[in-house]
Each structure stands twice: as structure tokens, then as C-alpha cells.
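Colleague: Here's a structure for you.
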Amino acid sequence: MTEDKVIITHYRHVLGVSLDDRIAINNYALNSTEELPTSLGDPTPVSWAEEETMTSASLITMFWSLSVSSFAVGGMIASFFGGLLGDKLGRIKALLVANILSLVGALLMGFSKLGPSHILIISGRGISGLYCGLISGLIPMYIGEIAPTTLRGAIGALHQLAIVTGILISQIVGLDFILGNHELWHILLGLSAVPAILQCLLLFFCPESPRYLYIKLDEEAKAKKSLKRLRGSDDITKDITEMRKEREEASNEKKVSIIQLFTNASYRQPILVALMLHAAQQFSGINGIFYYSTSIFQTAGISQPVYATIGVGAVNTVFTAVSVFLVEKAGRRSLFLIGMSGMFVCAIFMSVGLVLLSKFPWMNYVSMTAIFLFVSFFEIGPGPIPWFMVAEFFSQGPRPAALAIAAFSNWTGNFIIALCFQYIADFCGPYVFFLFAGVVLAFILFTFFKVPETKGKSFEEIAAEFRKKRGSAETPKAAVEMEFLGPTETM
């Protein structure tokens, strides 16, 4: 079977798991309705200017920040439980159960016009965040387990492609002449019910993870059947041999607690690198641009900022598609470094353009170009790579717990930026992206010295890379079965 056909075969299943516009709709449709908040206890939408006559500007900023950040709070809470739910129910059933939360959140937001809008929107986004926190661990775990080694990166990037496609769709339907207006804004926020229903239907056609079936449940016949569907071939000998070896190693190892990911030398460096990759993604400033892109374009002097924001979404989608084709050729580490380096340069130009805008009106084009390029570089590397690269750092046993910790760090960063960016921007003014440039530079240096390349490597080879970087000849611990919340055992 050719690589193109393998990608298409897997994409049918990734689509069922990853075509999840809920992350996009919940995060970015709100950006299109930034001027449509509601007064406290009053279901009738009013403009920001009108509401300022009823309450202080600081209170408005607080409610808007809470509306944005409640989603991240839900994600933080639920991110720890995605792996546990996946191990208890299986990857597919866990995703089906998680969809209940998504539907509840969508209904609360969809009917928010009938009650106290702020409360219902914040609650709905929080519940939707719980759903997205669960799937932020479940989806990369599932994709990493079904993908062949040679295509793990490309198939992993498809998940990010589905998300950014959802971002673009949500920005388009959020236009004022479609759904982003005083009459239909509640429908816009309730649209996340559509992908919830679609995902439920598509999941019935997705095979269970063969690694979960074989290593966790010891159901070899079902694992072989799943592999044949995924590979589109009866020749699955190599996959079965690899999983058999991993299962044997796992059965000979003691169980470890979640704390031992940090205390055991075999896992300490991989988990710290995983946390840093996710921190780099969030603290690069990308969500500051997406959450408040309309305001940024207004500051840059763009007369129709919402259309410029949609342009950013389109660039976002195109370059994510590009990364799907590059990640298996250039490598994960190389693309991550290229992306972060480009973002560093763009952040500087973005701030320079905003600082000099009052003196040189043409600098608005510099700022706008820098924003587009910033997003492009983000999607080449830092956007898609951390999620599936973390899954590559760990074998079957510790993978669910490691992904849960990484997801928690990602959502924590998301929450901090969502809650604080507006205040930081107000304090720093046009200099705000100089701050992010410094942060990005620090992550570039960390990646250069500490992050190994994982392209085309087995779990054992990746573990050897980490041993090499920590300068130890210690024999690695093989795959182990994670006891999520159990007491720490002495190794």
C-alpha cells in the first residue's frame, strides 16, 4: 500500500476523531462577537459602548476575560482524566462519553439568550472546556497508537488541521451578516452541537486502538482485525511483533505512580521536555493574537479588522496543511525550531510596527504582515508538533498519564494567557509582543539543547536519545503500566 493511500485510510479515522470544531467555535467565534456582550441579568444583547454606560470598563473586561478563560479552566480540570477514561472504557467509547459534555455546553450557550447570558455563556464554555480537556489527551493518544511509525507525524498533524479548519469556519460564520449579530449570536455559540453530533456518528466507523486492545486488554484477535482495517493490508506482522515485545516488557515491570514520571530518571527528562513544548506553544503569544485579533487589527489601523482576522484563519489553515507534508521530511525538532525562530522575528516586527504607527501610518502594513507570518510559522511547527511529539516520547504504559500532564500544562498556559493578556496588553501597550519575543527566544534555546528528533524512530530509539542527552549509560526502563493515582512505589 502506498504512503498516500495509507494517509487517506488513516485520515478517514482521524477525521472521525479530530473534526472537532468545538475547540475552534468555543475559542474563536467569541472573538467575532467581541462587541456583542450582554448586560448583567439582561438577555438582550447590547454593544460594548452601550454597556459602558451601565457598568465600569474594568467590569466589562473582567466578564469578557472570564468568558474566554472559563473554557481553559474546564480544560485544565478535565485534562487529568482523559487518559484514565481512555484506559477504563477504551479510546472510542471514552470519546463518545465525552461528547455528552460537549452537547450540554452547546445547549447552555445556544439558549443563553433566554436567561442571564453572561452566566450561561461562562457555564457553557466551562463545560465545553471539560470536554476539550478530555479529548486533548484522548485524541493524540489514539492517533499515536493507530499511526504507522513512518507516518506518525503527518497523521498527528491532521488533528491540528481539523482544529484550524474549525477556527476558519467559526470566524466566517461569526461575520455580522451571518451569525455574529444581535439577533443570532446565541446560535453561533451553540453551533458546537453540530460537530458533537457529527463526531458521534463518525466514531462508530473508527476502529479501536490496536495497541490498547493488544497490550492493555490482551485481545490479539481484535487487535489484528483493527490493524488490518487501519493499514488496508493483511500484512501486519511487523506491528504485531513490535506490540508483542512491548507487552512482554510491560508485564515484567513494576507499576509506578504519576509522581514517578518526575522522580524516575527514565521519565524525568521526557516529561519535562513535554511540559516545555506545551508551554512554548501557549506562551509564544499565539492565543493572544487569536483571542484579541480584532482589537489588534483595530490598533494597527485596519478599517475592517474582522476580515483581516478571517485572513489570519485562512493562513492558519493553509500552513497547517503544509506542515502535514513537511513533518515527515524535515523532522519534528527542525520544524519546531524553524517555526519558533520565525515567530521570534515576527513578534519583534509586530511590536515595532505598533510602536511607530503614530509616526508612520504605513507601519500598520508591517504589523499586519507580521501577524500573518507569525501565525504561518506557528502552524509550521509549534502548533501541531507538541501534541503528537509528546505521545512519541512515551510507550504504552506511561503514555496516558504523560499526555494528561502535558495537556494540563497546555490548558494552564491557555488559561493564564486568556485571563491576563488583555491586562498585559493594556499595561505594555504596543510593546507587548516584545515580551513574547523574549519568551520565544528562551524556548528556542531550550529546544536546541534539550529536545531530540523523533522522526521515524521507535520508542526505544527515542528513549536512547534522552539517555544520550542526560549523559547516562543507564539501561532504560521499558514500557510500564501506569497507576494514575496510586501511591508511589520504590523503584
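Quick reminder: no glycine exception, Cβ is built from N, Cα and C everywhere.
Annotated domain 'Major facilitator superfamily (MFS) profile' per TrEMBL: 1-455, in sequence order. Annotation source TrEMBL lists transmembrane segment at 62-85, 92-112, 118-143, 155-178, 184-206, 271-294, 306-327, 334-356, 362-380, 401-425, 431-449.
In the displayed structure, how are the listed features positioned relative to their neighbours?
Modeller: Outside the transmembrane segment (62-85), and at least 6 residues removed from its termini, the chain residues within Cβ reach (under 8 Å) are 26-27, 30, 34, 37, 94, 97-98, 101, 118, 121-123, 125-138, 141, 291, 399-401, 403-405, 407-408, 410-412, 414-415, 418-419, 422-423, 482, 484.
For the transmembrane segment (118-143), the residues of the chain that approach it from at least six positions outside its boundaries are 14, 17-18, 20, 22-23, 26, 30, 37-38, 40, 63, 66-67, 70-79, 81-83, 85-86, 91-92, 94-95, 98-99, 101-102, 104-112, 155-156, 158-159, 189, 192, 209, 387-388, 390-391, 399-400, 403-404, 406-407, 410-411, judged by C-beta separation under 8 angstroms.
Within the chain, the transmembrane segment (306-327) has long-range Cβ neighbours (under 8 A, six or more residues past its boundaries) at 28, 31-32, 153-154, 156-158, 160-161, 164-165, 167-168, 171-172, 174-176, 289-290, 293-294, 297, 335, 368, 371-372, 375-381, 383-385, 455.
With a cut-off of 8 Å between Cβ atoms, the residues of this chain six or more beyond the transmembrane segment (334-356) that come close are 277, 280, 284-286, 299-300, 323, 326-327, 363-371, 373-374, 376-383, 385, 389, 429-434, 436-437, 440-441, 443-444, 447-448, 451, 453.
Listed by sequence, the residues of this chain that lie at least six past the ends of the transmembrane segment (362-380) yet keep a Cβ under 8 A from its Cβ atoms are 160, 164, 284-286, 289, 293, 296-297, 300-302, 308, 311-312, 315-316, 319-320, 322-323, 326, 335, 338-343, 346-347, 349-350, 352-354, 356.
Long-range contacts of the transmembrane segment (401-425) within the same chain, counting only residues at least 6 positions beyond its ends with a Cβ under 8 Å from a Cβ of the stretch, are 61, 64-66, 68-69, 71-73, 75-76, 79-84, 129, 133, 136-137, 140-141, 258, 261, 267, 270-271, 274-275, 277-279, 281-283, 285, 287-288, 291-292, 386, 390-391, 393-394, 432, 435, 482, 484.
Same-chain neighbours of the transmembrane segment (431-449): 276-277, 279-280, 283-285, 288, 333, 336-337, 340-341, 343-344, 347-348, 350-351, 354-355, 424-425, counting only residues six or more beyond its ends whose CB sits under 8 Å from a CB of the stretch.
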Colleague: The transmembrane segment (155-178) vs the transmembrane segment (184-206): three or more C-beta pairs under 8 Å (separation of 6 or more)?
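Modeller: Between the transmembrane segment (184-206) and the transmembrane segment (155-178), which are separate recorded stretches, there is contact, as judged by 3 or more close Cβ pairs.
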Colleague: Could you tell me whether the transmembrane segment (92-112) and the transmembrane segment (184-206) are in contact, taking contact to mean 3+ Cβ pairs under 8 Å with a sequence separation of 6 or more?
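Modeller: They are in contact.
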